[in-house]
Amino acid sequence: MGNLKSVGQEPGPPCGLGLGLGLGLCGKQGPASPAPEPSQAPAPPSPTRPAPDHSPPLTRPPDGPRFPRVKNWEVGSITYDTLSAQAQQDGPCTSRRCLGSLVFPRKLQSRPTQGPSPTEQLLGQARDFINQYYNSIKRSGSQAHEQRLQEVEAEVAATGTYQLRESELVFGAKQAWRNAPRCVGRIQWGKLQVFDARDCRTAQEMFTYICNHIKYATNRGNLRSAITVFPQRCPGRGDFRIWNSQLIRYAGYRQQDGSVRGDPANVEITELCIQHGWTPGNGRFDVLPLLLQAPDEPPELFTLPPEMVLEVPLEHPTLEWFAALGLRWYALPAVSNMLLEIGGLEFPAAPFSGWYMSSEIGMRDLCDPHRYNILEDVAVCMDLDTRTTSSLWKDKAAVEINVAVLHSYQLAKVTIVDHHAATASFMKHLENEQKARGGCPADWAWIVPPISGSLTPVFHQEMVNYFLSPAFRYQPDPWKGSAAKGAGITRKKTFKEVANAVKISASLMGTVMAKRVKATILYGSETGRAQSYAQQLGRLFRKAFDPRVLCMDEYDVVSLEHEALVLVVTSTFGNGDPPENGESFAAALMEMSGPYNSSPRPEQHKSYKIRFNSVSCSDPLVSSWRRKRKESSNTDSAGALGTLRFCVFGLGSRAYPHFCAFARAVDTRLEELGGERLLQLGQGDELCGQEEAFRGWAQAAFQAACETFCVGEDAKAAARDIFSPKRSWKRQRYRLSTQAESLQLLPGLTHVHRRKMFQATILSVENLQSSKSTRATILVRLDTGGQEGLQYQPGDHIGVCPPNRPGLVEALLSRVEDPPPSTEPVAVEQLEKGSPGGPPPGWVRDPRLPPCTLRQALTYFLDITSPPSPRLLRLLSTLAEESSEQQELEALSQDPRRYEEWKWFSCPTLLEVLEQFPSVALPAPLILTQLPLLQPRYYSVSSAPSAHPGEIHLTIAVLAYRTQDGLGPLHYGVCSTWMSQLKAGDPVPCFIRGAPSFRLPPDPNLPCILVGPGTGIAPFRGFWQDRLHDIEIKGLQPAPMTLVFGCRCSQLDHLYRDEVLDAQQRGVFGQVLTAFSRDPGSPKTYVQDLLRTELAAEVHRVLCLEQGHMFVCGDVTMATSVLQTVQRILATEGGMELDEAGDVIGVLRDQQRYHEDIFGLTLRTQEVTSRIRTQSFSLQERQLRGAVPWSFDPPGPEIPGS
């Protein structure tokens, strides 16, 4: 399809195969193994469906079924075509005659059958296709596979036919191109864009679909392969047909003297167009209108808008007179009269397009005697001797015509490929197919180009021609024979009617294109913010596309191969990991193979989390395939995701060392697998204008997608409209309805957070700090009741779902406008607009929250303590009665810098905002639909189940602080404050989140260094308890560990001092070092200082010489500083450069021997946070202006020691 011949009214290629290569080209083929040639040797049996990694045998195979032996006469290589055993149809040749040079062998034409197709025949073809599809997605034999086969069988039994799913249609259309033996450009088969037009009902709708196909495929000269599939053939109903052989063709006018002006190949269709009302011109290059036929209706005439047809005037780079010949040709070759067969289903109207091979225009269209026949005219202009063939005037003129074609298309920036590049790519395709499928059907007579035959590699390559399914097949012209049902001549349409048809088409184009261009929006989220952004993106893309919004764990990654447009919005969890609901997606994405990394390499077997943490533009692997991708062209193989266009937006915090690591990795991986990036990676920093960054990226992504798929005429206006506060929430579209059911808390939390919740109970809460300390750190002991869902291993995390403070809830309830009764469970209902063919307009329940009272929603489910987002401030501005408050809220929501300064200085709760802007009304539906969800709080488990069965211990710093530089209101940590006030027996909703990358090594003899200041000691308590159990119960003698702890003062906050000393005396620890940052009379010391001054040699020995492990737990600044210190230690002690030491740490991470458990920002990181925000402001502002790409990431700040 990369270079398609017009197959409607053109004769075949020249005969004369040369070198005897025609032998066996078209030997009679059957569904079983073909009869071998005398020179063939027996070959091994072919599996029903060869495995993708099948390699061609290079030696004579053992006895068994015989397969064609295929030789390349240029290099002498030999392969065996085992795929030919799966041929679905007999070829036209017999044992006594070769019909390989016939253009339209009658045996290969697909003709409508009288009555329904035999059920068993259709079922056999359907089963074979469904098996192919499920093999391709590696789901063969699965329950879904068996269920699909049963569905098809039942549908065929009931209706005599069946319907393909959209993914099956996409797969089938691509396979049909892949199986086309006469196409030389098949290496790009994976990049075919499939447009599903099976909902088409009229010829007018056909024309609209075709206009969109032409617009998309032409793409302002950067041609893209595409196919539009109209409804299938059905028993008892006529066909959808396109009478033209190509969507764009030049008219041929028969003159009185018998000559033809224009293209002689199109005389018949030209006369038919005139009979159906077309007013012809009299030029040599008049674009024909289209004759389109809906079932059982006469054909209708439609004129293509002139601006839709891209044409290239032909000129020569050195022959100035060539332009005066007035030659031109159209850019887009789009074959429209062939039938697409998939799984026994026939689609008589399935126009497909690619791009030209230059010799198709330069030799066949312009030089063939029965076409434009310009060869002698050009030769005369070149002063060549045309009286004798020995002057080779034809060859010389033909070369210059081809040079002119290539030059003109390249000058006009229109995609075209020369015959040398095209045939070289076909040889690569043959090699790929031999490895993947064991063979490749190819018609030598059509593959060898009509110029420079033996100068191209395909001339010397033997080929085997056979016919697989799915396939493109020839079919009779619709106005001839039995196909002419309903093809009567209609009255001539007036010019006004034709013009109106064009006008109607133009108005419908965007609507219909949107109807069939689907967009998948995937999100991975820990806090719900990525989900909220994805839903906003869905509302935006609904303006011009058919979007669906899915969580990553609800999506089958194999569907990526059949997607046209995917947008990803994802956060990054902890130390650069995927969010939990993105882990399965990440793993599956890593397992896929791409066009530039298909060979197995050790580095590709890294843990997907580890590789995600390290993927960057400087990664040698990434740089290698990115260079190959940049150098690729239309003659290179497409990847598994060749038709995919994608955009990625990442959410994160630049305070973390792996900022947006998962989003970066998804963006990198999708490109690596062959996808086309529409927009550079977008990144939203929670420290600086995240929402504004998302809005700017979303609008840019929407505009890029609209331009790519030729939809959405006013993309910018649509984007502005969707982000308007008046559009995002309207009073009249929401209402409260009373519900009979009352809230059950655990099921309610399970519903909201989409994960199973369990109830533990408090055993005790103990303050670990001295009574003289002004701060508090508590040890919380929970009773799990032996519940299986609360089982854990040391190093794992627990998620706790806290309630909001009752006083804060009551104060907010007093501000609610017209609240429902306090004890009455309610649910929010939203007024949904109806859609044609969809559900009617009506009130639909919002599923975000379970039925509950407003007080319960504010207590358990909604976040009322975090500063309101700019989007929420914009909504509140529309509800303010005072104009000054409305203007202030609007200004805060629109100015990112002003908003960030306000947020970080005041850190206001929702109640404090309402107190600052008292005229704001607060409707209950707005609270229930627009406030963010109250997120679980994660803590490292501080116990070992072997030491405390049925219990979970937590070490929690109780948070309390004043905003506005210590002069503002007192704020409390939601979870830590709540847990500090609990009593024995109180319930705690919670769940376990495993941390498999932060666990002690299975071999207890490996040395370990543990580094954790403050509450960073929490997971290590579980470690030493587990080791004590190994020593005293199991009788093991593990290698002593080294603990490096840090706190402020030895007399106030030295956590677990007695426990640590006891563990050291009993053999768990070899060394225990403590850094005090504020001890009176002692220098300020941090844990990284102890590593550098006391443990440098041991760090190097443990990590580089003894295969040991290092564990670091703490906030982001401490973890980063420790990492930098370890890097310097390895460089100094190991005698290496700093960069080399960094590579060593990368290897340690790959081997999972350097472990980090990083928790969020604390009050100590405020200085660093402020500095990061300051650096990020200018970046964000430049991104929004378009001055820098979205993926630009400045160097991280220098982070001081903790």
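Glycine is treated like the rest: Cβ placed from N, Cα and C.
Keep in mind the model is a prediction, meaning the values are calculated, not measured.
Here Swiss-Prot flags Cys15 (among others) as S-palmitoyl cysteine, drawing on similarity to another entry.
Per Swiss-Prot, the feature S-palmitoyl cysteine maps to Cys26 (among others).
Residues or ranges marked as region 'Interaction with NOSIP' by Swiss-Prot: 97-485. In the predicted structure, the region 'Interaction with NOSIP' (97-485) carries a mean pLDDT of 94.
Annotation source Swiss-Prot lists phosphothreonine at Thr494 (among others).
Swiss-Prot lists Ser525, Glu526, Thr527, Arg529, Ser571, Thr572, Ser653, Cys660, Glu686, Gln690 with the feature FMN binding site, giving similarity to another entry as the kind of evidence. DSSP assigns Ser571 (FMN binding site) to a strand segment in the three-state reduction.
Sequence annotations record features per position, and here Swiss-Prot assigns phosphoserine to Ser614 (among others).
The annotation phosphoserine is assigned in Swiss-Prot to Ser632 (among others) on the grounds of similarity to another entry.
The annotation phosphoserine is assigned in Swiss-Prot to Ser637 (among others) on the grounds of similarity to another entry.
Annotation source Swiss-Prot lists FAD binding site at His797, Arg937, Tyr939, Ser940, Thr955, Ala957, Tyr961, Val974, Cys975, Ser976. Here the Cβ of Tyr939 (FAD binding site) has 24 other Cβ atoms within 10 Å, regardless of which shown protein chain they belong to.
Summarising the annotation, Swiss-Prot assigns phosphoserine to Ser835 (among others).
Taken from Swiss-Prot, the feature phosphothreonine applies to Thr1174 (among others), supported by a large-scale study or a structure entry.
What Swiss-Prot lists as phosphoserine is Ser1176 (among others).
Annotated phosphoserine per Swiss-Prot: Ser1178 (among others), in sequence order, evidence recorded as a large-scale study or a structure entry.
Counting every protein chain shown, the number of other Cβ atoms lying within 10 Å of the Cβ of Ser571 (FMN binding site) is 26. Taking the Cα atom of each, Tyr939 (FAD binding site) and Ser571 (FMN binding site) are about 19 angstrom apart.
A strand conformation is recorded for His797 (FAD binding site) in the three-state DSSP classification. The DSSP secondary structure for Tyr961 (FAD binding site) is strand. Here the C-alpha separation of Tyr961 (FAD binding site) and Glu686 (FMN binding site) works out to 20 Å. Of all residue pairs in His797, Arg937, Tyr939, Ser940, Thr955, Ala957, Tyr961, Val974, Cys975, Ser976, the annotated binders of FAD, the farthest apart have Cα atoms separated by 25 Å.
The Cβ of His797 (FAD binding site) lies under 8 Å from the Cβ of Tyr938, Tyr939, Ser940, Val941, Ile992, Arg993, Gly994, Ala995, each of which sits 6+ residues away along the same chain. When the Cα atoms are compared, Thr527 (FMN binding site) and Cys975 (FAD binding site) turn out to be 15 Å apart. Classification of Tyr939 (FAD binding site) by DSSP places it within a strand.
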